[in-house]
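Straight from TrEMBL, the features:
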SIGNAL    1-21  signal peptide
TRANSMEM  290-310  transmembrane segment
DOMAIN    293-497  domain 'TM7S3/TM198-like'
TRANSMEM  317-336  transmembrane segment
TRANSMEM  342-361  transmembrane segment
TRANSMEM  368-388  transmembrane segment
TRANSMEM  400-418  transmembrane segment
TRANSMEM  425-446  transmembrane segment
TRANSMEM  479-498  transmembrane segment
Amino acid sequence: MPLKRECLVLLVLSWVSSLRAQDENRVLFSLGIFQNVSVPVNGTVQAVVSRIPADVSFLTMQFHTHHHNVTLSYTQIPLYGFSVTAADVGLLSNLTLNQTTVSWFLKTPDGSSAAGIGVILPYTSTDPVPGACNQEFPLEIDPNIYLQYNLFETMITFAPANIGYKREETPPACDVDVSSSTRWRLVYEVYQYFLPEGDLSEQSLISSLKRVANVQNVQDNGRKVVSLTSHDRTQFSFSSLPGQGVIFSVIVRDPVLNTSASYIPVHTYACSFNSTLDGCSDLGRVSTKVFFTVIGLAGLFVCFVGHRFFKCEMFCMGFGFTAFVFFVVITITTPLEYNLRLALTALVGVVGGVVMVMSWWRFGSVVACVLVVGLILGFHISSIVFFTPLGDFPIFHDDVVFWVVFACIMMFVPLFFIRWPREGNIIACGLVGAYTVVLAVNAYTYTSLSYITLDVLKRLLNHNFSRAFISVPLQDIDFILITVWVVLGISGIVVQLYREKSRPFFPPSPYVLWKQERERRKTNVLDPSHHKPSLSAQILGRIRQLTQRTEPAGETTPLLF
């Protein structure tokens with residue numbers, strides 16, 4: 001009897017523990033309220049919402065994690081076409097006539113644990129249905145935004161929506177008619193929301209997702225990038241910003257009924273949290289920090305005394321011009337590793353700087369020097385112009401239009417300063433030199449200002465980058481660095497203009513001075529140096545003295561008479 005009693009107690013405890021485990025893996029949601037959810041190891045969590053109002057026609061369930069993939073499914077065992085796996089997942093459930101409860105299931109594809117936040121949003125029969133005209137992805141109705149990224153661009157894709165319909169009503173046909181009574185009247189708006197710069201924390205992501213989860217929050221907090229009709233492609237490209245968190249949202253609107261619905265927001269940092277190489281935690285390479293630290297120090301020198309030490313300025317400008325061109329060429333033509341490319345770029349840049357100095361030393365052409373320096377200044381001014389919202393105008397997504405306008409601005413600057421070469425050279429020293437300080441700071445902490453030139457570099461290296469939207473966030477660190485850039489640039493220009501106002505416009509070429517001195521010695525017979533042999537004659541004479549044998553002079557004793 002005691003043995004039977006013990007067995008009965010064990011069975012009861014086992015049954016109670018199983019019930020408790022089921023309760024722990026069952027999460028109750030309220031409509032529109034965010035809920036923290038933890039998925040256990042090798043476990044499945046059931047998300048349940050009840051007491052659904054009768055005027056609700058469909059629901060969207062969305063779940064977000066920091067970087068772990070999770071599977072959201074209609075069924076306890078995920079099936080193809082009835083589940084979706086990503087870090088940002090969502091499902092849409094149409095409701096039956098008297099349905100008041102809906103459930104979904106969460107698990108991880110590899111059986112590991114994961115934590116995130118979820119929310120369930122209700123929509124009425126007049127609201128458009130996101131992803132209801134899906135013909136590309138596995139889900140029948142897919143409200144998700146699919147995201148892919150690489151070093152250059154981040155692409156988002158989503159399925160077209162349909163107009164709303166009541167519970168158990170047959171959905172309107174998607175592609176039978178294009179009249180205003182069908183889904184072709186719907187319009188879409190794509191939004192961006194930037195997370196704080198350099199903040200990769202989960203807390204920052206969760207608080208940001210809460211600001212863009214529904215239509216009203218997206219409108220209040222997001223930045224609208226583009227609007228499109230149902231006849232446009234539902235695929236967009238944006239400039240990748242490694243280490244910068246971005247949330248993409250899409251709102252579909254019905255202009256006839258004045259209603260709207262939101263797709264499932266998706267986020268990216270344009271880097272991997274799981275990679276041991278080039279991961280989000282290791283974005284700043286040591287080689288990059290060393291390279292741009294040296295560049296920043298040299299730029300600071302050029303900013304304040306570049307024109308005074310003209311040979312140093314020519315070396316720095318020649319280095320920058322040659323290094324940029326060489327890096328573009330070697331990246332396009334070879335698959336070399338980044339550190340090796342950077343080392344070769346630095347080496348070729350040094351050679352280019354030496355060639356620039358020697359060219360000025362030999363020929364002394366002020367026009368040629370101003371042309372090269374003016375092109376560098378023009379490149380920066382043109383890059384700044386397209387860094388503004390002007391760069392996102394649809395006309396500039398055409399490569400021909402972009403490069404023609406870019407080249408015209410770039411060429412106009414040196415032509416403008418031909419009349420005032422000294423002033424143009426000093427302005428170039430101030431602007432470009434101060435910007436290299438910004439690049440040096442970017443090697444240690446994230447700043448959007450580096451994309452002034454980086455976006456142009458991306459467009460040179462990637463032919464598909466022309467379709468990308470290049471908007472970037474300007475946050476506190478950016479406004480601080482803009483202030484530093486402006487102060488350094490203006491200070492450098494003013495200091496150099498003041499110091500050089502009583503000096504010659506440009507220092508004379510050393511080779512020209514040497515030729516003039518040589519001609520003066522040849523024609524001025526009163527100059528003692530006129531009677532001295534040339535340097536080559538002196539060297540040859542010395543060699544003869546060392547190599548020729550001295551002949552004996554014969555009898556050296558005096559003769560007696």
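For all residues, glycine too, the Cβ spot is worked out from N, Cα and C.
Between the transmembrane segment (400-418) and the listed ranges 290-310, 317-336, 368-388, 425-446, the one holding the most Cβ pairs under 8 Å is 368-388. Counting residues 6+ beyond its ends, the transmembrane segment (290-310) has Cβ neighbours under 8 Å at 316-317, 319-320, 342, 346, 360, 422, 425-426, 429-430, 432-437, 439-443, 488-489, 491-492, 495-496, 499-500, 506-507 in the same chain.
Non-local neighbours of the transmembrane segment (425-446) in the same chain are 197-198, 243-244, 283-284, 288-289, 291-293, 295-304, 306-307, 313, 317, 320, 369-370, 373-374, 376-377, 380-381, 417, 452, 477, 481, 484-486, 488-493, 496-497, 500, 506; each lies 6+ residues outside the stretch with a CB under 8 Å from one of its CB atoms. The predicted model assigns the domain 'TM7S3/TM198-like' (293-497) a mean pLDDT of 88.
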